[in-house]
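Written out below as structure tokens is the structure these notes cover.
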């Protein structure tokens, strides 16, 4: 017998939609208003900078001839499927894990869309200190990192007792 979807972690899928709208919206604005390589200072140590990433995090495998596009697309799809199954198997009340999974799925789908549509991921956030620049990233990357951090945080939190779970 199947359980009602709103009693599962899938209740948190609305957050995937929010992440996608914000991520794809920010990338659309960059594509419409910036030429490749353009930079606009926002705050000290923070720029908007249009960059294309043909690889993964930190441009890993960016110069590998194109096969990596499909490799990373497959990884994103696989991770999304696994996390959706985990959300279905978890209770809607397990907020921290489900929020984390939804953030990761939203970020993965945002970057997957870029890979499939453009052949690269649109990056635009340039954080720097002095002459040192962190790798340029986007809001999907941020959602994935926040989701991963929440999973780690959940591992350090005390587990609820049987009474608290009932």
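The backbone N, Cα and C atoms fix where each Cβ goes, glycine too.
If you look up Swiss-Prot, you'll see 12-32, 70-90, 102-122, 137-157 marked as transmembrane segment, on the strength of sequence analysis. Among the features that Swiss-Prot reports, active site is placed at 123, 141.
For residue 141 (active site) paired with residue 123 (active site), the C-alpha to C-alpha distance reads 9 Å. The local packing around residue 141 (active site), expressed as other Cβ atoms within 10 Å of its Cβ over all shown chains, amounts to 21. The C-beta environment of residue 123 (active site), restricted to residues of the same chain at least 6 apart in sequence and closer than 8 Å, consists of 49, 50, 51, 52, 53, 136, 137, 138, 141.
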